[in-house]
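**Q** Marked as domain 'Flavodoxin-like' by TrEMBL: 15-159. The FMN binding site annotation in TrEMBL covers 21-26, 68-71, 106-115, D141. Summarising the annotation, TrEMBL assigns domain 'FAD-binding FR-type' to 215-455. The annotation FAD binding site is assigned in TrEMBL to R359, R391, A392, F393, S394, G425, L426, C427, S428, W555. The annotation NADP(+) binding site is assigned in TrEMBL to T469, S524, R525.
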Amino acid sequence: MQGSPGRTPMPNTRLLVLFGSQTGTAQDVSERLSREAWRRELGCRVQALDSYPVVNLINEPLVIFVCATTGQGEPPDNMKNFWRFIFRRNLPSTSLCQMDFAVLGLGDSSYAKFNFVAKKLHRRLLQLGGSALLPVCLGDDQHELGPDATIDPWLHDLWEKVLGPHPLPLDLSLTPPGVPWPSKFTLKFLQEVPSTCSEELCVTGTDPQGPPSELQPFLAPMVTNQRVTGPSHFQDVRLIEFDITGSGVSFVAGDVVLIQPENTASHVQQFCQALGLDPDQHFTLQPREPGVPCPARLPQPCSIQRLVSQYLDIASVPRRSFFELLACLSCHELEREKLLELSSAQGQEDLCEYCTRPRRTVLEVLCDFPHTAGAIPPDRLLDLIPLIRPRAFSIASSLLAHPSRLQILVAVVQYQTRLKEPRRGLCSNWLASLDPGQGPVRVPLWVRSGGLTFPKTPDTPVIMVGPGTGVAPFRAAIQERVAQGETGNVLFFGCRQRDQDFYWEAEWTELQTRGCLTLVTAFSREQEEGGLSGPAAAAYLARLQRTLRFQTETWA
């Protein structure tokens with residue numbers, strides 16, 4: 001994002017922002033940096049780390065890295081290639097001696113490896129000769145105000161460092177927060193409706209050169225969608241099976257499947273009404289700046305209906321940047337005043353109370369600000385609302401046991417906050433609503449390697465602990481290992497009640513009978529009040545000790 005017409009970015013300061021983002025937060029922070037650079041008359045480029053030619057770093061004078069930490073200290077998917085390159089041992093220690101840098105990390109302090117990626121990257125850039133403008137910023141999701149509590153003061157110090165050698169000229173001033181920045185794209189409505197097939201081809205084709213991917217997912221037929229918890233159980237859990245015949249999809253135990261969900265028809269209709277959009281209107285999208293790509297999965301031309309149902313995440317909880325842009329676009333005095341307050345540093349407690357804690361959605365916020373929503377230019381839709389991100393599920397089956405099939409275990413997310421309407425997980429509720437018994441159902445999916453790996457030598461015994469739906473990847477592993485003739489499988493499984501949420505009980509029992517599995521169970525609602533105690537606890541521990549001692553002696 002660069003200056004608008006008539007505004008020339010400062011010539012001597014080229015700022016590059018590179019991000020690694022898994023859920024979109026790091027990308028959102030990166031775009032905030034770009035907006036703040038624009039307000040200060042600075043030229044700025046924003047790119048995902050893996051889309052940037054990393055060898056060009058030696059020519060960059062000023063780089064801000066915004067990195068999330070995922071799982072147990074892992075880098076996000078869109079920076080893994082960069083991560084491997086930057087830690088090559090043969091890189092000279094003076095590689096980045098001309099580069100000033102700063103690292104902004106996003107993490108969760110409830111994890112042992114809090115902001116591990118940002119800390120490690122900061123150290124590595126110093127080893128390669130880079131000069132740090134500031135200590136690494138450690139944004140924390142666990143803070144009551146979220147990562148902004150740390151980011152706000154850090155950014156204040158950053159701009160002082162960046163602008164130190166290049167202060168704003170006397171005839172220029174900081175662009176105030178209420179002034180909108182240029183949109184990324186222009187949206188041009190078409191007078192004639194294009195043929196439907198041209199839109200469909202962009203999303204249904206498979207890549208003949210490789211397996212399905214995010215850019216070209218496989219539209220997998222759903223075979224079954226079965227509830228596997230009892231009718232009186234509080235949680236609706238589904239075992240869903242897909243047919244992957246001819247897809248090129250291959251996987252092993254521990255891999256995950258990614259599924260691209262859609263918004264509900266009622267939410268799409270409500271959104272279009274709030275913004276005064278015709279869902280049947282078609283449009284084309286053009287970037288304002290050269291070198292800025294259009295969203296890769298978005299067909300051209302595209303209908304508003306498809307854009308809202310399959311791309312815009314109107315069911316997500318909006319971030320601070322959403323309120324910032326909405327305030328810029330509002331012409332209603334009272335609504336604008338409230339939006340400016342919610343997007344300000346001083347208003348973050350109010351924003352948390354209004355939006356973050358009750359999990360209020362983008363759609364609900366727009367309905368709360370009707371005058372502003374009705375005045376949103378279509379060009380701003382992709383600036384305002386993030387794209388729907390795919391959801392990952394552990395694969396719960398093995399191709400050795402179920403050829404040409406892929407199964408997942410899905411807990412349907414629904415919970416109550418202080419808002420009247422229950423909060424519902426977008427993907428799990430969308431999947432639960434699909435009924436292959438009523439007609440063909442196809443779901444866009446692709447597979448990637450997971451973080452859970454199993455011994456490559458099948459004769460190595462494995463102890464697995466998988467309570468609740470966490471047992472899914474272990475079912476895939478057990479099926480795979482049993483098919484290879486391995487019997488050294490021990491599974492610890494826990495749930496609430498044997499007759500309500502004991503997933504695959506019959507399958508485990510049959511494997512035990514065949515001598516292929518040792519199963520240890522615990523049912524929390526079938527014990528004494530407060531959990532295991534007294535004789536029950538002693539009996540359980542004795543059973544656990546016998547199981548482990550027996551398996552150890554057997555494997556030895």
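Cβ coordinates come from backbone N, Cα and C, glycine included.
TrEMBL annotations: computationally assigned, not manually curated.
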**Q** Taking only same-chain residues 6+ apart in sequence, whose CB is under 8 Å from that of F114 (FMN binding site), what do you get?
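**A** F114 (FMN binding site) has long-range Cβ partners T69, G107, D108, L138, D140.
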**Q** Using C-alpha atoms, which one of the binding-site residues L426, S428, R525 comes nearest to S21 (FMN binding site)?
**A** L426
**Q** Over all pairs in T469, S524, R525, the listed NADP(+) binding residues, work out the largest Cα-Cα distance in Å.
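**A** Among the residues the record ties to NADP(+), max Cα distance equals 17 Å.
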**Q** I'm trying to understand the geometry here, so how far is the Cα atom of A392 (FAD binding site) from the Cα atom of R525 (NADP(+) binding site), in Å to the nearest whole number?
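**A** Here the two Cα atoms lie 29 Å apart.
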**Q** Whole-number Å only: compute the distance from the Cα of G24 (FMN binding site) to the Cα of T469 (NADP(+) binding site).
**A** 25
**Q** Among the binding-site residues listed here (S394, S428, T469, S524), identify the one with the smallest other-Cβ count within 10 Å.
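**A** Per-residue Cβ counts within 10 Å for the binding-site residues S394, S428, T469, S524 bottom out at S524.
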**Q** In the domain 'Flavodoxin-like' (15-159), how many residues does DSSP assign to helix, to strand and to coil?
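**A** Each residue of the domain 'Flavodoxin-like' (15-159) counted once, the result is 58 helix, 36 strand, 51 coil.
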**Q** Calculate the distance in Å between the alpha carbons (Cα) of S394 (FAD binding site) and T469 (NADP(+) binding site), and round it to a whole number.
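**A** It is 10 Å, counting Cα to Cα.
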**Q** Determine the Cβ neighbour count for A392 (FAD binding site): the number of other Cβ atoms within 10 Å of its Cβ.
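**A** I count 16 other Cβ atoms within 10 Å of it.
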